[in-house]
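See below for the structure under consideration.
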Protein chains: 2
Amino acid sequence: MATILAGFEGLVMPGDELWGYTGEAARLLKEAGAEVGDRIRITKPDGTVYEGILMPRYALAQKPIIVVKLDNGYNIGVRVERGTRIEVVEKRRAKVGAVVTVPLLEESPPAGPKPRVYILGTGGTIASKVEYETGAVKPAMSAEELLEAVPEIGFIADIDAGVLFSILSENMTPSHWERIVDEVAKLIQEGYDGIVVAHGTDTMSYTAAALSFAFHRGLPVPVALVGAQRSSDRPSSDAAFNLHAAVLTAAKAPFAEVVVVMHGETGDTYALAHRGTKVRKMHTSRRDAFQSINALPLAKIWPQEGRIELLVKEYRERGREKLVVENGFDDRVALIKYYPGMKPEIIEFLVEQGYRGIVLEGTGLGHVGEWLVDSIKKAVDAGVVVVMTSQCLFGRVNMNVYASGRKLLAAGVIPGSDMLPEVAFVKLSWVLKRARDPEEAKRLMLENLAGEINPRHTVNLYPKWPHEP
Amino acid sequence: MATILAGFEGLVMPGDELWGYTGEAARLLKEAGAEVGDRIRITKPDGTVYEGILMPRYALAQKPIIVVKLDNGYNIGVRVERGTRIEVVEKRRAKVGAVVTVPLLEESPPAGPKPRVYILGTGGTIASKVEYETGAVKPAMSAEELLEAVPEIGFIADIDAGVLFSILSENMTPSHWERIVDEVAKLIQEGYDGIVVAHGTDTMSYTAAALSFAFHRGLPVPVALVGAQRSSDRPSSDAAFNLHAAVLTAAKAPFAEVVVVMHGETGDTYALAHRGTKVRKMHTSRRDAFQSINALPLAKIWPQEGRIELLVKEYRERGREKLVVENGFDDRVALIKYYPGMKPEIIEFLVEQGYRGIVLEGTGLGHVGEWLVDSIKKAVDAGVVVVMTSQCLFGRVNMNVYASGRKLLAAGVIPGSDMLPEVAFVKLSWVLKRARDPEEAKRLMLENLAGEINPRHTVNLYPKWPHEP
């Protein structure tokens, strides 16, 4: 049975384990009768003594390290070795621990300075709590509280944190993307070695695409978007694991790209770093909801082993590029999914309303009903940029195969190659802020700017679907 | 190297094999120097002689059967056994074979009458040809021509065929669904044991859902929709394999449901029979593009072994129900995909235009930006039925978890459970033709009518995504 301790949201505490401790660490703590929140004293074989509040770890951390919060407010990880003794000095009383606003220390700090990582909060489930009046989940925890909940991240990097804003990601708009781009750019200029953006999962892939285009001309460090599918007050929360993996990515990854870092499997084994232009939320609730479409993820991230396993050969190297920011997204762009019988009036309405771009999510290789071609041609003639993508999601638009596609090409529709509809939407919104005319917009839409087009699909990019009972 | 023989579109003829023949059959034909279209004589060890035109088989048919067209116009499959001799009587001249409009015979007909299957053509790639003037592919082949291209289906059933209309499926509308429902109903009343509907793949899953709802109260036989991802004039066409599998399903499946029968893998191993309300085209071009989402397929279909392997325990049994047809689809329904920054004006426009239903494809568990709630509430108050689905596709809408969802529920939005957005769109279009008021429409949308809601998701329903280079 799993239990949650107030003040330690975001942590899984299975009954079989001891608040995330396993093996020798768990055995020693059990022997001592120590509970999370107790004041304990650890005596190492060489006589060194650490005294402080016992902190939890998230599920199944494998290193034999016990984390205690010292009186000076620092968390410290003490390695358990043969002969280490633990005593309970004082049983816990009420809520334990205050917000940690200082970097965490390792027992033995590594040689040289640690990378500096900034965790930027924007809201979402990775930072949410139950609203007790209504029973619903609302964004609440600050980025600093996350730092307390996951002591492991302090061993990887010097952490700073701040909240830009706190909204559920379904409420994000292009103007929020602009604010995030500005803030991330500022932090990179301040010299951080990597940026983590805590973000709600609902529209995380849209924001990841927005950042990808804004920084496509020059990015010196990784920008890792991270969230949680289960809110951090629930025992099954993936918040801690994902944050750990995202910090590791921001601090140590060899690539300087905008990525989404989320669970790769349901278990706490590895996370995946997905390229920001090729990722999609594919499940409403699973931990491994985020998946790369038409591309491999950039890397597997094994947070508990501190390991980053690259899955691709081509990426933008850390430290190679100087920062170039091209911010700005046009909000007069619509994403329109085609369905049988869809009427031209919807296209006509968008043109009348002054929309400058339309991304169509057509069927198959990039088709819509032939009765729409006239209204689409009128839109193009009126200067609206129209891009075709496919509701299949997998594969590539090819409008030369069937008569329907050829008519649309003739009407001036731009084929979106293998771009996800959502990514083409973000890209067009970005492109329309900088192209001087529809011709330049077309050229930019056809060009692979930020890895949004994968020119080469291998057969192994398609998932293995469940065909067995 | 693969070659195509004019007049035998739809057949794969790899150079290593002999027009789809393998093993002993291929060896004997090669020894005799026989080519497809030649007049050959087969002498069996017992002295029986078959003389006729050598017909091709599609790729890698495994039974040692050689198909010849006899002078009376029948195709016959002759089993090759030790001691069988083959001679070429006359080399082929021009185009071989006329349209076969009579049932095919087995060498030894099975005891009792064969099932009667009707192949209803509606257009699409399974029946398309290159338009030589433009190089594009256009629908062309009649259902009868398909019968000639795939002699195997004559061994399974007595085949009748006809063309209802011939359109690319991106041009299907709700009124086409109504015509297909009427025609299928008529054929079932005429006593066919199964119906195959040849259909373009672009909107096949929409039509499958439409038929599912129209027949949900009573269907005595299987209705199998089938198409091809590669047009039947291409060497890699999947038309023949899929048609073979669909005819086997229509003739022999123990279930009486509306299903989509398409390749299960890229190779010619098995096809899948997907429930018509749970299937989606997930790839623009792969043969195994069609996959069940949030449900297992009903069955694997192994056409070359004549085997149907059930994957689920619950299905509607063949012959159990009497036919009940509830036809009619309202075309004043829109499917609207949410994207960051989407403006309320689109919802307001639909209401003004007299739309009666809107299916929203929201984010995550079923959300949209909070600034849309007012316009959605106004739509509901004006009598428009609004249903929420998720652009994640996998998983289930749950609007009780976050404040955003609860506001939408309060505004009167109907949660779509695990219905695919496209299926909810078709269902709402069907529901609005029969519900007397929005309350009844809501009740019907929440009810599982045709397997469109799967109340129980098991973990193995999520695909295995590619995470390895």
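Including glycine, each Cβ sits where the backbone N, Cα and C put it.
Because TrEMBL annotations are produced automatically, they should be read as predictions rather than curated entries.
According to TrEMBL, the protein has these features:
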- A:Thr125: active site (ACT_SITE)
- A:Thr201: active site (ACT_SITE)
- A:Asp202: active site (ACT_SITE)
- A:Lys281: active site (ACT_SITE)
- A:34-89: domain 'GatD N-terminal' (DOMAIN)
- A:116-309: domain 'L-asparaginase N-terminal' (DOMAIN)
- A:332-445: domain 'Asparaginase/glutaminase C-terminal' (DOMAIN)
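Taking only the Cα positions, the spacing between A:Thr201 (active site) and A:Lys281 (active site) is 8 angstrom. Per-residue pLDDT, averaged across the domain 'GatD N-terminal' (A:34-89), gives 78. For A:Lys281 (active site), applying a Cβ distance below 8 Å and a minimum sequence separation of six or more within one chain yields A:Thr201, A:Asp202, A:Met204, A:Ser205, A:Ala289, A:Phe290. According to DSSP, A:Asp202 (active site) is assigned to coil rather than to any helix or strand. Residues of the domain 'Asparaginase/glutaminase C-terminal' (A:332-445) grouped by DSSP class, helix first, strand second and coil last, total 47 helix, 23 strand, 44 coil.
Counted within 10 Å of its Cβ, the other Cβ atoms near A:Thr201 (active site) come to 30, all protein chains included.
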